[in-house]
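Asks: Encoded as structure tokens, here's the structure I'll be asking about.
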């Protein structure tokens, strides 16, 4: 449903953009602007303007940066930035993108707990289901699906929904970047007194739906984000939030 909504929104933005282009073209020919645009300037304004708005709506930061850069090139004269050559603006966009990527790259080393043991691994090891060298007693090749003891969810620039049915749930690892993730645990059962959720999230939203009697223990390290949970006094297992969430909103809901 959400994907269909985004498609409709993208089409609407593009349609409005072409309508705006028609209006701007007429106004330009009537010399109603204090500067001259021209047909191709208006055409590319619509293309890159629609791309910029779509990228912002879909949280595509790199597309947003380059769309804005091309708009700056088109409007260099009206903005009085002719001193900046097009290659300078594009190079600045590339450097800005690289800087943001390095700042929010999944390069930190959070504490990852699997089957009650701390493991020293990279997120890519979890993502691709690799066995931990010398730690085969911790995790096996079947430990990644929604029915397994240790669930791994990985997403980049997309919407993901996972319904976890594990009856012996120990850990959930969420590795996300610019994504909206929904995890439904109302049909899951904890293996013991707690279920650990390892977060590596940046610039996205994560919603966890948990059983009514589960407790929430927030040990999450976050920056420029928010954790919202209805902390109820239940007698069930604890959901322990670990890891890091940067510019992300984490929501825990009892169902």
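The backbone N, Cα and C atoms fix where each Cβ goes, and this holds for glycine too.
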Asks: Using TrEMBL as the reference, determine which range in 37-56, 117-136 is annotated transmembrane segment.
Replies: 37-56
Asks: Are there residues at least 6 beyond the ends of the transmembrane segment (61-78) whose Cβ is under 8 Å from a Cβ of it, and what are they?
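Replies: Sequence-remote neighbours of the transmembrane segment (61-78) are 34-35, 41, 44-45, 48-49, 51-52, 54-55, 84, 86, 89-90, 92-93, 96-97, 100-101, 178, 203.
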